[in-house]
Amino acid sequence: MAATTSHQAIGSARECHSSFGSQNGIRKLSVKMVSKVFGVDLRLISRKNCCSKSWKLGVIHASRSHSSVVDPVQIPSKNNSSNSKKKSDETALILIRHGESLWNEKNLFTGCVDVPLTQKGVEEAIEAGKRICNIPVDMIYTSALIRAQMTAMLAMTQHRRKKVPIFMHNESEQAQRWSQIYSEETKKQSIPVIADWQLNERMYGELQGLNKQETADRFGKEKVHEWRRSYDIPPPNGESLKMCAQRAVAYFKEQIEPRLLSGKNVMIAAHGNSLRSIIMYLDKLTSQEVINLELSTGIPMLYIFKDGKFIRRGSPVGPSEAGVYAYTRSLALYRQKLDEMFH
Amino acid sequence: MAVTTFHQATGSIHTHGCRSSFGFQNGIRNYSVNMVSKGFGVDARLIARGNCCSGSCRLSVTRASSSHSSVADPVQIPSKNNSSDSKKKPHETALILIRHGESLWNEKNLFTGCVDVPLTQKGVEEAIEAGKRICNIPVDMIYTSSLIRAQMTAMLAMTQHRRKKVPIITHSESEQAQRWSQISSEETKKQSIPVIAAWQLNERMYGELQGLNKQETADRFGKEKVHEWRRSYDIPPPNGESLEMCAQRAVAYFEEQIEPQLLSGKNVMISAHGNSLRSIIMYLDKLTSQEVISLELSTGIPMLYIFRDGKFIRRGSPVGPSAAGVYAYTKSLALYRQKLDEMFH
């Protein structure tokens, strides 16, 4: 199977390479690289990068990585303290952009206004959950906005490991005290959920709540286009993409990356601009490249963090699709354990 | 139609089924009363020992037929004169209470309290079903607890609302949070329903029982002690709240924050938990501590009250829109529903 795997992947990689040559080209270059073996379906639309060397390296890793990788499934056992566990060689990082919100539906600039999901957005979240139901999740980070939080919680209703996401509360001493859990066993079956404003959508200032017509009337079409599409020009009293990226990436580096380094598998549920900012950091994109990056809503993006590097593995397909395999050997082992646990 | 409604309702009240149960002072702890009136579509799922079939029910029938249509139209259809200052205050407003559905720890049978556990898929469906029942009842403001299961319940329920106003969660945790959530369009603000999250509406805090299953608690504390904490009014579990303490902060919040909104003419929905809601019901229905202990509010089934002349009139649980014979509970609710029908057909 390993032989077939490398063959298929390389075959696909070659297809990608031809498009790799198009340096200048259409703004949104769609690259579909569906590998039957890996079930990889790259919905990330970008100008290049999806088919970098790291992908091929990823294949080689998969066939070589040995099974001494610590089993990320924390099946309750006597020796199951996180201190004594050997650090994993690799961890999974899942990014999910929330689906349709009530203001998306009405075509209003949303930014940091805390608008909930539509029924369609709810369904998108559940579908996203089906795609990641076999990928380990030890911690969840969301923005302070309900649409991202709901997306995470709805997605996790589909997860096969059946651990329970629990929102952390430290807004006050009482909040912290009141949310205490008094059973070690229960804590082990919990996934801490941390909500922070640094993962919020880009703040859109005086455009928030306006529809396209109103903004064109109030500010002029070109100005609005400039704010939406430039890297560093903020709308009045708002953030530029650069400002958004600054606080989102800083947060990722300070709070999230250490978790990945310590062996935790992490899921981030957030927004178009905060996630593309993080992707800019993960994939080392330029500001020009990040402007053209569009992350599909409700389609999770998987990265493998290994040896301090982020390897993009595209978007996991739904569990019902044919030919779904893991992206690395440890993910394959994890899935196997889930199958054993529940069948 | 008014005549038919009145007749039907009166006919239903004559059903002595309810009256006879009123006499049961001592009796089974959870007394289930079904009062389905084809005229009003009232389905009182509230399980209580007395109270469901009080005189107030008939009184509200009388009010419905005599209340005049000068009651301010609760539907805020954008118009030139649509400022809440110039509007005449409505005689009555609606208060909806929703208890969230199944959470992941309910499923695992663990004491939850204030641990912030989300809904299961079943809890999600319960919330959507609840939304279908209230989709024709005006909502101007929403209050939730600070726990995600109540917030999600409210947001999921509102995806079903026919008025299509947009719930917006207000943020006041910091100056930046407030600034960042500003809306720059008056028109958009008018189509918004502010959502306020308050810890005072949280579930009763269960202290050292939080996260334990029934076996663990029995082992750690003994079965009788646990039973006492769960069923008494004023005995708290270790480092936790008694029902009395929960009621104290929940009712205080209701009186200080929510009741003034109702008085000023706002229709309010509260999405919260078993203990915080029964505490509020204790206040609305003037129950004794003995009565509130026996009160069980069904999950995912909204409870409607009409607030009028400073009084709370319980109107039971709205039925789903597809159920036959669904009418409004008061004339203004009937008018509101009519306007919704006109807007969308």
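Placement of Cβ uses the backbone N, Cα and C atoms for every residue, glycine included.
Features of the protein shown, as given by TrEMBL:
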{"type": "BINDING", "residues": "A:97-104, A:110-111, A:R147, A:201-204, A:K212, A:228-229, A:272-273", "note": "substrate binding site"}
{"type": "ACT_SITE", "residues": "A:H98", "note": "active site, tele-phosphohistidine intermediate"}
{"type": "ACT_SITE", "residues": "A:E201", "note": "active site, proton donor/acceptor"}
{"type": "SITE", "residues": "A:H271", "note": "site 'Transition state stabilizer'"}
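Sequence features annotated in TrEMBL and their locations in the structure.
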| residue | record | DSSP (3 states) |
| --- | --- | --- |
| A:R97 | substrate binding site | strand |
| A:W103 | substrate binding site | helix |
| A:G111 | substrate binding site | coil |
| A:E201 | active site, proton donor/acceptor | coil |
| A:K212 | substrate binding site | helix |
| A:H271 | site 'Transition state stabilizer' | coil |
A:G111, A:G272 as binding-site residues, winner by CB count within 10 A: A:G111
Other CB atoms within 10 A, centred on A:H271 (site 'Transition state stabilizer'): 28
Other CB atoms, at most 10 A from the CB of the residue listed as 'active site, proton donor/acceptor': 28
Near-B candidates in A:W103, A:K212, A:H271, the recorded positions, by Cβ under 8 Å: A:W103
Cβ-Cβ neighbours of A:E100 (substrate binding site) (radius 10 Å): 19
CB contacts for A:R202 (substrate binding site) [other CB atoms within 10 A, all chains]: 27
In the chain carrying A:R97 (substrate binding site), residues 6 or more apart in sequence that have Cβ under 8 angstroms from it: A:A270, A:H271, A:G272, A:L275, A:L295, A:S296, A:T297, A:G298, A:I299
Cα-to-Cα gap, the residue listed as 'active site, proton donor/acceptor' vs A:G111 (substrate binding site), nearest whole Å: 5
Which of A:H98, A:K212, all recorded positions, has a Cβ with the fewest other Cβ atoms inside 10 Å: A:K212
